[in-house]
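Notes follow once the structure below has been shown.
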There are 2 protein chains.
Amino acid sequence: MKKPSRARPRAPIREQQRLDPSERESIIAREAVSFFAEFGFEGQTRELARRLRITQPLLYRYFPSKDALIERVYQEVFVERWKPSWEKIITDRSVPLKTRLIQFYREYAEVILTYEWIRLFMFAGLKDLGLNARYLKMLRERAFEKLIEEIRFEYGRPSTRDLPITVLEIEMVWGLHAAIFYLGVRKFIYSMPLETDVNSIIDAKVMTFLGGIRPVLPAETAT
Amino acid sequence: MKKPSRARPRAPIREQQRLDPSERESIIAREAVSFFAEFGFEGQTRELARRLRITQPLLYRYFPSKDALIERVYQEVFVERWKPSWEKIITDRSVPLKTRLIQFYREYAEVILTYEWIRLFMFAGLKDLGLNARYLKMLRERAFEKLIEEIRFEYGRPSTRDLPITVLEIEMVWGLHAAIFYLGVRKFIYSMPLETDVNSIIDAKVMTFLGGIRPVLPAETAT
DNA sequence: ACTATTATTTATCAAATGATAAACAACTTG
DNA sequence: CAAGTTGTTTATCATTTGATAAATAATAGT
C-alpha cells in the first residue's frame, strides 16, 4: 500500500524546460511523425504543441513553417527508414534466391507495415506532392529492378541490361508489393485486425510469386 | 396530378438560375462527390460553391451541414454504386466458375477503379468513420463468402455452412482483392499511369487465384 | 552574483472557414 | 398585373488556424 502524500510531488517529475535545441527539435520531429500520421497534414499546430506540452509558437522557433515540419516528417519516415542493406540482401548470390526474397520482403514489411509509414504515405499520396511517385521510383530502381535481374539470372534468362524489363515482369512485382502493402492498409487505415501472421503470408506470397513469374520471363538466351 | 409544366427557358446558354430543388440538390451532390474526391473532406465549402457557380450559403439550403453533405457523398458512391446483380453472377452455377469470377471482378473493378471511388474510400479510411469497416463487411458477406462457397462446391468440398470459412481461404480472397484495388491506388493516389490493360491483369490474377486456393481448401467431404 | 544569451511563453494578428439571417429576385397563381 | 412563394444572393458572425513580435525566465560565462 502506498501512502498518498499530496505534500510535495517527489522526484523531479517536474516538466523540464529549456531543452537543448537539437534535442527539442528531434522531439518535435518525432512527435510530428506520430501526430500527422494520425490526423493527416491538416492536423493543427496547436494540437501538436499541446501533445508536446509546449506552446504553439515554439514550433516556429524550430521550423519556419508547418510545411517545413511536414518536409521533415517525410525525411524522417521515407528516407531515414530505408535500409541500404536491403539492396545487398537482394543481390547476394551466395544465398538462394527464394531465401533472399523472403528475407528482403520480411525486413521491408517490418519497416513499412507500421501505423506511421502506411498512413503518412497515403496522406502524402492524396495530397500529392510527387512524394509517392518519387519514392516508388526509388523503390523500383533500388529493389525491383535488381530483383528482376536476379530472377532472370536464376533462370538463365538474358540480363535486364540486354533485354529491358517487360511490363508483365514489373507488373508481377507490383502485385507482390501490393499484397504486402495492402496488409498495412487493412490494419492501419481500415482498422481491421489481421488474423494471420504477417511473415507466413509473406512467405506464401513470395512462393506464389516465384512460381508465377517464370512463364512471364523472356525466353532463355539462345543466341 | 401535378403538372410540372416547366416554362421553357429560351436558349439555355444563359446561366440558369432558380433550379428545381430536387435538381439542384442532385447537382450539388454530384459535384460534391468529385470535389471531395479531389481535395478530401477538408475541402472548403466556398470552393465547392464556386465550382457549382452558386454562392456558399446556398449549400446550406440543401444540406444542413457539411457533414450531412459528406454523408450524402458516401451514399452516392458506396451504396448506390453497388450492383446487386454481382451476387447473382457469382452464384449462377449454369456458368463455369472461372467465367463467373472473371465477370464479377471485371464489373466490380469497373466501378471501384475510378478516381472518385478510390480516393473517397481512402479519405474515409484515414478519417475513420467506420465506413470502411462497414463496407468491407458487406463486401465480405455479399461477395467473398458466396464466392468461397462456390469454390468449395466446384471442388467438392464441404459447404461453408457446415465448415466455416478458414482464415487462409479468406486471406486468399483478400489477396485477389488487394491486387485489383492497388491498381486504383497506383493510378489515382500515386498518379502512376497503368501500363497494362486492367482486364487482362484481372484475368491473370483470377487464374492464379484459382490455382492457388485449391490447396488451401478444406479436405473433400469424406463422411 | 551579475550579466548576457536564448529557450519558452504571452499576446495578437490576419486570413480562412462553417454557418446564419435578412434581403433580393425569379417564378407562380389568382 | 398584383401578390405570394421560394430559390438565390448579400452581409455578417464566431471560431479556427498559421504565423509573428514582444515579454519572460532559465541557463551559461565571467
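Quick reminder: no glycine exception, Cβ is built from N, Cα and C everywhere.
A TrEMBL annotation is a machine prediction, not a hand-curated record.
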Between A:44-63, A:64-83, A:184-203, I'd like to know which one TrEMBL lists as DNA-binding region.
A:44-63
Stretch-averaged pLDDT - the domain 'HTH tetR-type' (A:22-81):
97
The domain 'HTH tetR-type' (A:22-81): DSSP-derived helix, strand, coil residue counts:
47 helix, 0 strand, 13 coil
